[in-house]
Amino acid sequence: MAAARRARAGDPRAGFRRAAEEQSPAVPQGLIRAARKSGQLNLAGRGLGEVPQHVWRINLDTPEEAHQNLSFGAADRWWEQTDLTKLILASNQLRCLSEDVRLLPALTVLDVHDNQLTSLPSALGQLENLQKLDVSHNKLKSIPEELLQLSHLKGLLLQHNELSHLPDGFGQLVSLEELDLSNNHLTDIPKSFALLINLVRLNLACNQLKDLPADISAMKSLRQLDCTKNYLESVPSELASMASLEQLYLRKNKLRSLPELPSCKLLKELHAGENQIEILNAENLKHLNSLSVLELRDNKIKSVPDEITLLQKLERLDLANNDISRLPYTLGNLSQLKFLALEGNPLRTIRRDLLQKGTQELLKYLRSRIQDDKASPNEEPPVTAMTLPSESRINMHAITTLKLLDYSEKQVAVIPDDVFSAVRSNPVTSVNFSKNQLTAIPPRIVELKDSVCDVNFGFNKISSVSLELCTLHKLTHLDIRNNVLTSLPEEMEALTRLQVINLSFNRFKVFPSVLYRMLALETILLSNNQVGSIDPLQLKKMEQLGTLDLQNNDLLQVPPELGNCETLRTLLLEGNPFRTPRAAILAKGTAAVLEYLRSRIPT
């Protein structure tokens, strides 16, 4: 209040300003009164072409109601007003900000994103208490030097502007913790960036950078660095010393090799897809003990080293669209791996139908091949019992050796009784009835309830889940993709051990409510349905949920509270009709999407 009181004085031009303001959308006096009490004013999305003068002078002019109300009630003590500390002017039609912004010296947050600003007032430099400035999604071509005087600024959001250069003294903003410069026209970064030692998140995505300054390694607090979609051919070797780095995004550049990061012991996510990387070697991997996400899709990688098994915390590995012809069978020993993408590779030792069975089936197969690989490393792997020879009716070898009952790709409408009879004295743990013409789940599946833990009914014509299936109390994996399901029975709640369920390519219009109560679920695949909404509060209760695939549904909005589901490591939302988060945010990966959603939660 002190700063505002010192500036409080009569305004001889008030009459002229008031007349001009009558031509602009009015700001309700109720909002102004509330802002004087709370210190916060939200004018987002009001169609403002300019900021009314009485907003800038909110703490200077005597409120009009003070002349009309002489009761001096406790609720009307206008002289006890609070200095404005938070001003939101987002999503209007502002072309400029007045220099009168200096009349709000107590501001800690100023949000002017999504306007049409082409410049910023030099008076911003006088807001010495400012901690967060959001001027993203405007048309800014430069930043005033005075902005560098904001020594307490912690968050500066400049994404989606037209900046081609930054002031050399940018490093003066020593308190910065978050800096977003994505989607501009930057060709270089000032060397003074090295002084930003408190920076935690730096986003340089979608610019025109050809290299990064070696001095960037001085940012010892940096946890997230996003250089997606630039022209980088390499990264400085000094990057390897950034010990705090947790997320590194290098997608859509011109890299020919992965950087070696021996000191990045905390790195959890490395995204380097859509580059020109040809070699993945042990040196790239051996120090990354904390890595949970490795994304290398759309490169030219020819082989995967056995050292991939050093990444024991890896949960997501994306190697799609490379030149890989053979996988090391030891890949099956990555016990935490929940998602493995291999499509678009010329794999000779893995059949396509096996790839379609999902990550867990593939890992299981790779583990089963480890001993054979040691015994005859130069031989092509023989046909295994994972698929049955077409002339074989029931594969007893698969039943007795692999505990697998496989009657897939027979195009039958009913599973013959002798198939179930074959396993009476040989309990199986896996059942594969996929790619048939089944319209219902076989009732005799209940006979397997004491042993089976993995069931595949994918690619049939099943319209409902039977109660018999709900008795399989040991079930951990259930695949019912590509059927005609519209709902799930509440009795499925009894499947208390179920970890993975695949419901993709069905006809669900609502998210099956029973899934919210199946708290052991780690993976829900529900892509290519017609789901219109989700309940983030219920999802947050699912503390084991790590993967949620809702691609190609009918979601009109993504609830911001979904960002609080911090156990999610893979969240796929592409192909829905919602407008936010935008595609550029989705492309950054799950962590960025969740962070964006959290930032949208009303406070």
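Including glycine, each Cβ sits where the backbone N, Cα and C put it.
The region 'Disordered' annotation in Swiss-Prot covers 1-27.
Annotation source Swiss-Prot lists repeat 'LRR 1' at 83-104. Taken together, the residues of the repeat 'LRR 1' (83-104) have an average pLDDT of 95.
Within its own chain, the repeat 'LRR 2' (106-127) is flanked in space by residues 1, 3-4, 39, 44, 59, 83-100, 133-150, 157, which lie at least six positions past its ends and keep a Cβ under 8 Å from the stretch. Positions annotated as repeat 'LRR 2' by Swiss-Prot: 106-127.
For the repeat 'LRR 4' (152-173), residue counts in helix, strand and coil come to 5 helix, 3 strand, 14 coil, using DSSP. Among the features that Swiss-Prot reports, repeat 'LRR 4' is placed at 152-173.
Residues or ranges marked as repeat 'LRR 9' by Swiss-Prot: 266-286. If you look at the repeat 'LRR 9' (266-286), the same-chain residues 6 or more away from its ends with a CB under 8 A from one of its CBs are 223, 228, 243-260, 292-305, 307-308, 310-311, 318, 589, 591.
Tertiary proximity for the repeat 'LRR 10' (290-311) is limited to same-chain residues at least six positions away from its ends with a CB under 8 Å from its CB atoms, namely 251, 258, 265-282, 317-328, 330-331, 333-334, 336, 341, 569, 589. Marked as repeat 'LRR 10' by Swiss-Prot: 290-311.
According to Swiss-Prot, the repeat 'LRR 11' annotation covers 313-335. Here the repeat 'LRR 11' (313-335) has Cβ contacts under 8 Å with residues 273, 289-306, 341-350, 362-370, 373, 546, 569-570 of the same chain, all six or more residues outside its ends.
Cβ atoms under 8 Å from those of the repeat 'LRR 13' (401-422) belong to residues 353, 368, 385-388, 394-395, 428-439, 442, 444, 447-448, 451, 456 of the same chain, restricted to positions at least 6 beyond its ends. Among the features that Swiss-Prot reports, repeat 'LRR 13' is placed at 401-422.
Swiss-Prot lists 427-449 with the feature repeat 'LRR 14'.
When Cβ-Cβ distances below 8 Å are used as the criterion, the repeat 'LRR 16' (474-495) is approached by residues 357-358, 360, 434, 449-465, 467, 501-510, 512-515, 517-518, 525 of the same chain, each at least six residues removed from its ends. Feature annotation from Swiss-Prot assigns repeat 'LRR 16' to 474-495.
Among residues of the same chain six or more beyond the repeat 'LRR 17' (497-518), those with a C-beta under 8 A of the stretch's C-beta atoms are 358, 360, 453, 458, 473-490, 524-535, 538-539, 541-542, 544, 549, 554. Sequence annotations record features per position, and here Swiss-Prot assigns repeat 'LRR 17' to 497-518.
Annotation source Swiss-Prot lists repeat 'LRR 18' at 520-541.
The repeat 'LRR 20' annotation in Swiss-Prot covers 567-588.
Long-range contacts of the repeat 'LRR 1' (83-104) within the same chain, counting only residues at least 6 positions beyond its ends with a Cβ under 8 Å from a Cβ of the stretch, are 1, 3-4, 7, 35, 39-51, 53, 55-60, 110-124, 126-127, 129, 134.
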